[in-house]
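Over in Swiss-Prot, the protein carries these features:
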- C86: active site, nucleophile (ACT_SITE)
- H176: active site (ACT_SITE)
- E178: active site (ACT_SITE)
- S230, G231, G232, V233, D234, S235, S236: ATP binding site (BINDING)
- 9-202: domain 'Glutamine amidotransferase type-1' (DOMAIN)
- 203-395: domain 'GMPS ATP-PPase' (DOMAIN)
Amino acid sequence: MTDTADHEHVLIVDFGSQVTQLIARRLRESGVYCEIHPYDKVDAVLDSFRPKAVILSGGPASVHEAESPAASKRLFELDVPVLGICYGEQTMCDVLGGKVEPGTTREFGRAEIEIVRESPLLDGLGGAGHFEPVWMSHGDKVTALPMGFETVAVSEGSPFAVIADEGRRFYGIQFHPEVAHTPRGALILRNFTHKIAGLKGDWTMKAFREEAIARIRDQVGDGRIICGLSGGVDSSVAAVLIHEAIGDQLTCVFVDHGLLRLNEAEQVVTMFRDHYNIPLVHVDAAEEFLGALAGVTDPETKRKTIGRLFVEVFDREAAKIEGAAFLAQGTLYPDVIESVSARGGPSAVIKSHHNVGGLPDYMKLKLVEPLRELFKDEVRALGVELGLPPQFVGRHPFPGPGLAIRIPGEVTPERVAILQKADAIYLDEIRKAGLYDSIWQAFAVLLPVRTVGVMGDARTYDEVCALRAVTSTDGMTADFFEFPWEVLSRAATRIINEVRGINRVVYDVTSKPPGTIEWE
């Protein structure tokens, strides 16, 4: 729980939907601070968190299942507006005395609702008789409304697609306004928070910056703090924010594992030492990391080897910093949400997480996580607010294990150098074409596959380079980017001509799912 007493805020009750985070992102985009908490922790949350409005998320359960999650009755006794989305509408109706039954037909995917009555929830969409495209995902449906509710909109499969008790300001919608497939869903959510709940939308990065600085000073006092710097956006923004708060009480430790992009280590050192004058310990551990990776070809073993060694090197260097009492990490809000998710339960490990979980317990450092309230796009906005170069905060995501997971097979110094050059050429051509900011992530992969080629009159037998570029909003799903062919042609020609060791270039047109964005 964060200190947000100076902000109007919304409580989002999570019933296990895969897209609950999108509700929070839409609200934050409209300047409304919100927090997500699991349905079974709500009563405890309400003892300290005083929401101005409540949103009940969707979820995979049926209200007819034994021990199905139910909305706490306390939520309807707060005298604040409540919006139930999909399962949230169903559990609200069930708790308030309505009726929910299994649907004879299910609604999944694109659908249309017909507005039959005006409501401030749907202001700006159209009056009675207007049809609005939405995204449905439900099997059960409400068949009888609780007392005080009226129908606002219907759909082919749901007679109560939108319902409202205007007196108590309780609303239910059977579709998902938070997803991009509901084109004007953000407007519906804004109507709820701004028009119905009367919120001003005062959540800005300028306000967050001022409050975060005050919190850091209060937490750290005159203590010393260590920040692990990876060169990525999250740790860099955290470091600059902390330095603004406490100055040279901060020391950054930059462990260079030799697996960064071309010239990236030098850029990080220059920016933090010369531009921001932040005390920085630069550890060139490339030889140590590459030595540990010799002979390793399994992707998960690579990740674990890099993670283990990173902790060892960081531990070794941090121990040299006298009087350190705090450790700063760039934890983001999605990490916090997942740790207390209503979904819970075991899940398959697709890939171990990029980030290191912290230092060994014996170091007794207290954790400082100044970004734990923020989503990735908010971190970028905060970086701009703090004066970080836009080209830096706008960089594409880069994995913690670095180029090691973009080199299938054994990672050697020679293969790293080849990939660094190919990747730099690829990104250079993307920037020249003005496409960099239209792409979520772009990178080159060096494959452990050799092919025959011809250079001049000579035969070559070199490795293949795969180029990858995807569009996405959150990294959970992704589509391959449809380049103009001349951009790919220029990149491929330059790579083959300028990078010794590559004689063939291919483009990856796999979406996620079924593939992942990274190759390993």
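Every residue, even glycine, has its Cβ placed from backbone N, Cα and C.
Listed in sequence order, L229, V268, M271, F272, G383, L388, F392 are the same-chain residues at least 6 apart in sequence whose CB falls under 8 Å from the CB of S236 (ATP binding site).
The Cα atom of H176 (active site) lies nearest to that of C86, taking the recorded positions C86, S230, V233, D234, S235 as the candidates. Under the DSSP three-state reduction, G232 (ATP binding site) is assigned to coil, being neither helix nor strand.
Within 8 Å of the centroid of the Cβ atoms of S230, G231, G232, V233, D234, S235, S236, where the record puts ATP, the same chain has further Cβ atoms from L229, V237, A238, G330. When pLDDT values are averaged over the domain 'GMPS ATP-PPase' (203-395), the model yields 85. DSSP assigns C86 (active site, nucleophile) to coil in the three-state reduction, placing it in neither a helix nor a strand. When the Cα atoms are compared, G231 (ATP binding site) and E178 (active site) turn out to be 32 Å apart. Of all the Cβ atoms in the protein chains shown, 23 others lie within 10 Å of the Cβ of H176 (active site). Cα of E178 (active site) to Cα of C86 (active site, nucleophile): a distance of 11 Å.
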